[in-house]
Amino acid sequence: MPASPTKVKGEDLWELDEETLESGACGFTAQQIFCKNPACVAYSYDDIIMMPGHIHFGVHDVDISTQLTRNIQLRLPFVSSPMDTVTESKMAITMALQGGIGIIHSNFSIEDQAAEVFKVKKFKNGFITDPVCLSPEATVADVFHIKNTQGYSGIPITDTGKIGGKLVGIISNRDTTFVDDPTIKVKEFMTPRDKLSVAKDGVTLEEANEILKASKKGKLPVLNSNGELVALIARTDLQKNRDFPLASKDSENKQLLVGASIGTRPDDRTRAAALVEAGGDVIIVDSSQGDSKYQIDIVQHLKSAHPEVDVIGGNVVTPLQALHLIQAGVDGLRVGMGIGSICTTQEVCAVGRAQASAVYHVSKFARKHGIPVIADGGVKSTGHITKALSLGASCIMMGSMLAGTDEAPGEYFYQDGVRLKRYRGMGSIEAMQKGSEKRYVWEQGGTASGTAAIKVAQGVSGAVQDKGTLRRYIPYLSQGVRHGMQDAGVTSLDDAWKKLYDGNIRFEVRSPAAQKEGGVHGLHSYQKRLY
């Protein structure tokens, strides 16, 4: 519990006199900065800074649990973006285990996206349900490729080379240590099935742990009655996965929470039905400009056809846009337009808004209707996350900040000695060619496929630096946010929002020189480590 209020010589802390407070000596209210704005300026996160508050509680007393939607609560306010270089089942599983949620992107076929959702819902703590497999005809070169790109070498060998095939053996580091010829087939040196310890489908984690202890093996294949591989248990994963007290789970089945994105085309109604059937808990209608007839129509359809599933609309940056989607029935709003690190919408289309202003105005308006807001994009640090939450956002959606993690899709590569992963905007030509064009194209006519004859990119492709595993990165982010909230003198997000609208959280607008001063400066060189 938070400590009791501070006393000095038995008295409560003195209050500042009204004249000093109103002078701006302790900063300004959000209302003064964003609403009483004679210069008509929109602000980004870097433009503003929060004033410190009084600390009478420990950092671990800060509660950052929140609402994703009207009906879904999260222990951490973190959401991974529905981008094809950010969120697939692996990312969504780990986000949910850590206390956030992942939104599966829609650059899949309907069947494949539903399958990704199903993987999250059927996930059991400690069980690897989609391990990389090889066939007996694969070579040592294939094993080394997996080791170099995926980071592990304990590989099940099945007759089909896929999960669901009959297990015929397994390859470990020990098997490949003295093999020099990369063309040798794995069937010649793998550990065969008859020498393996296996578990039957339905085994519990406790039982699996006992089998691993007795066999002194690093991997435990789980087989069904036909001898087909249905999962893999790794000793290292058992050690990592013992306990996730913050995990985001549904109340009925205690399965991990997961969301998925759809567009506004007619076939997205079929996509939504498949995602609901797979167990999806929330659907995000993914449009760069959410205030459209097409989004309103599909939101109304979703709330009518699938009332048990929450719907998040967007993207919006003004209260008027938000009002139309609230009227249509959304359970949450996604705020941000043209501010992502890989987004060029403001440059190409001349439409959008600076993110701090967008988050403040939409959050303040949506609060009147009981609708939580997700601040989507423009976040580069824990400081930005703290500012977004303190301006009224309930959750933060991240793309580039998560794209370099182990759990993001894609393989690592090296450039100039730096370990990187590919990252691209869903408005890039490369992503559009995979299907995300529907997020940006509104014309109902056109070609038979419903795509535009001329594609106008609203994003770029690039690369981001390796950030390691979410298992370390998310705790770092959450602890950084708690420190920021503590410095601002707020004990929870509810406390932050009350003080925001009461005028008790104060801000200032920073000059370019102040922004420079607030970062690393004056050094010949330095190394920046996150944790």
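Using N, Cα and C of the backbone, Cβ positions are placed for all residues, glycine too.
Since the structure is predicted, the reported quantities are computational estimates derived from the model, not experimental observations.
Per TrEMBL, the features are:
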type     : residues                                                               : note
ACT_SITE : C343                                                                   : active site, thioimidate intermediate
ACT_SITE : R439                                                                   : active site, proton acceptor
BINDING  : D286, S287, S288, G336, M337, G338                                     : NAD(+) binding site
BINDING  : G338, G340, C343                                                       : K(+) binding site
BINDING  : S341, D376, G377, G378, G399, S400, Y423, R424, G425, M426, G427, Q458 : IMP binding site
DOMAIN   : 127-186                                                                : domain 'CBS'
DOMAIN   : 190-248                                                                : domain 'CBS'
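Ranking the binding-site residues G377, G399, Y423 by Cα distance from G338 (NAD(+) binding site) puts G377 first. Here G336 (NAD(+) binding site) comes close to G314, N315, V317, Q355, A358, V359, A375, D376, G377, G378, M397: these same-chain residues lie at least six apart in sequence, with C-beta atoms under 8 angstroms from its C-beta.
Remark: secondary structure over the domain 'CBS' (190-248) totals 20 helix, 16 strand, 23 coil, with classes taken from DSSP. Each of the binding-site residues S287, S341 was scored by other CB atoms within 10 A of its CB, and the lowest score goes to S341. Counting only the Cα atoms, the space from C343 (active site, thioimidate intermediate) to M337 (NAD(+) binding site) is about 9 angstrom. The C-beta environment of Y423 (IMP binding site), restricted to residues of the same chain at least 6 apart in sequence and closer than 8 Å, consists of T85, V86, I342, G399, S400, A403, G404, S461, G462, A463, V464. Across the residues annotated as binding NAD(+) (D286, S287, S288, G336, M337, G338), the two Cα atoms farthest apart lie 14 Å from each other. If you count neighbouring Cβ atoms within 10 Å for each of the recorded positions M337, C343, the highest count belongs to M337.
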